[in-house]
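These features come from TrEMBL:
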DOMAIN    102-178  domain 'PA'
TRANSMEM  203-222  transmembrane segment
REGION    231-250  region 'Disordered'
COMPBIAS  231-240  compositional bias 'Basic and acidic residues'
TRANSMEM  265-283  transmembrane segment
TRANSMEM  289-312  transmembrane segment
TRANSMEM  333-351  transmembrane segment
TRANSMEM  384-402  transmembrane segment
TRANSMEM  444-463  transmembrane segment
TRANSMEM  475-497  transmembrane segment
TRANSMEM  503-522  transmembrane segment
Amino acid sequence: MSVAMASPQPLLLRHLAKVAITFGIFLLLSPVSITSADDDISHHGSAPKSPSCDNTLRLVKVKIWVDGAESSVLGGLTARFGGSLPTEAKDGARFPAVFTNPSNCCSNSSSKLSGFIALSIRGDCDFMTKAEFAESGGAAGLLVINDGEELLEMSCREDHVSNITIPIVMISKSGGGAIEKFMTSSKKVELLLYSPNRPIVDFSVVFLWLMAVGTIVCASLWSEFTGSKKNDERYNELSPKESSNAGTVQDDAEDEVVDISAKSAIVFVISASTFLVLLYLFMSSWFVWLLIVLFCIGGIEGMHSCIVALILRKWRNSGDKKVNLPLLGEISVLSIVVLLFCLVFSIVWAAKRKESYSWVGQDILGVCLMITILQLARLPNIKVATVLLCCAFIYDIFWVFLSPLIFHDSVMIAVARGDNSGGESIPMLLRVPRTFDPWGGYDMIGFGDILFPGLLVSFAFRYDKANKKGVLNGYFLWLTIGYGFGLFFTYLGLYLMDGHGQPALLYLVPCTLGFAVILGAARRELKHLWNYGEESSQSKENAAEA
């Protein structure tokens, strides 16, 4: 906990601390699965495959020229069948575009298709039938316009041998609408199709890994780094007359810490699942805006707490000057100035959240908030950690991989993508733009993927410190390394599954909790870790009753 939060004078900070605790719990209800990017182009679903209908699905760029002038680029997805596309634009050829007649391309087209890229709408017949009629008409390629913004997998009919040689690509409804708008204006529209390769590893993944691991390490060491010297001097300088105040300070600081219990961990999973379903069913722009406002409130508190703590560590007397404000009581001038700065920062981020650079502000607010939450919430022992992380483990896997069996869609990924949100995206993510990916987009990690393991790593640091364990014979270093490896395995799974969103806790829980249990058992300390803190708590309760 930062020095400012533990001091008796800033009433405003104490209210904000309670807000942070509440919002921290709310954050834990947010999606926690890791996703590859928030690209507009994505694919899901499956269909029958055969040896002649098993092409690798590839993302496609559709470059548009209008009356000879380059206009825009759309995203698309190849089919399981059909010809291949060049990986570079210079190796492709431009063809004029034409709509098939009938528009569904379920019969021979009365429009001339030879030497053209044909466009048809989805529906009324299968994709293979459309492709056969387009190729028989001499089309150089076929673009299928979906009836939504998603790009679905196009495959062959059951037990059908594909002999289609032209490229078949699906584009979104809005993309098809843009092309149609140009063509209805009596303008010549030309298209070029190519499918650039994506890098195996983008620098953004490395940066995101460092940011996630760094946040957990920083949060674990935060109170040691910012508050220990200040607090030691505060208590050393207290006179006997002020000893009662010292107890008040300690009690106030303890009141701001939330100890997670086994029962609350189980209740959390039930509440989290309910909240996630509500997000999935009622996702809309106003709902996302509500999340943005809540994120800004929590981000202001987190950023304020971190900045004040860092300033007080460097300039110990900078918080001595105080003013008495109505309703808020006595508060330091430093707190007011920092609060105003954080408020402006948060408002500017919210106003510019769709700009290409907005990820910087979102990550700063998110990291500060998570550091603050990990100061306010804590696990008392490995027993509670096991209940919480095992429940979160099941929760994450179910809502990513098993929820399609009930909802016909991955609920976690749909919410993380912001489906049906009117172009808005939920802010409870750290995200970094892909620097070397021709498709752009962002690599992202949910706050829960940091907060859940972070609670365990923070406990390990407190345990090591209380039991005077060294770096190598303690648990903090090894659990931090385990978290790093778990995150690495998550990205490896992401790559092996062609970018399909991953439940990060599937990898992170075994690499942190599992490693802690194995290490504790090997050192014959598991029983102490399991029941840590319960004996002392019971002793305090008995003393209080006496």
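Quick reminder: no glycine exception, Cβ is built from N, Cα and C everywhere.
TrEMBL labels come from automatic prediction, so no person has curated them.
Same-chain residues lying 6 or more positions outside the transmembrane segment (203-222) and placing a CB less than 8 Å from one of its CB atoms are 2, 309, 363, 367, 370-371, 374-375, 430-437, 442-445, 449-450, 453-454, 457-458, 460-461, 476, 480, 483-484, 487-488, 491.
Counting residues per DSSP class in helix, strand and coil order gives 16 helix, 14 strand, 47 coil for the domain 'PA' (102-178).
For the transmembrane segment (384-402), the residues of the chain that approach it from at least six positions outside its boundaries are 31-33, 260-262, 265-266, 268-269, 272-273, 276, 410-413, 448, 452-453, 455-456, 459, 501-506, 509, 512-513, 516-517, judged by C-beta separation under 8 angstroms. Model confidence over the domain 'PA' (102-178) stands at 87, taken as the mean pLDDT rounded to a whole number. Only pairs six or more apart in sequence are counted, and the transmembrane segment (333-351) with the transmembrane segment (289-312) gives three or more Cβ pairs under 8 Å, enough to call it a contact. Residues of the same chain lying 6 or more positions beyond the ends of the transmembrane segment (444-463) and with a Cβ under 8 Å from any Cβ of it are 24, 27-28, 30-38, 208, 212, 215-217, 219-221, 260, 366, 369-370, 373-374, 377-382, 385, 388-389, 392, 396, 416, 428-432, 469, 474-476, 479-480, 483, 486-487, 490, 504-505, 508-509, 512-513, 516, 529, 532.
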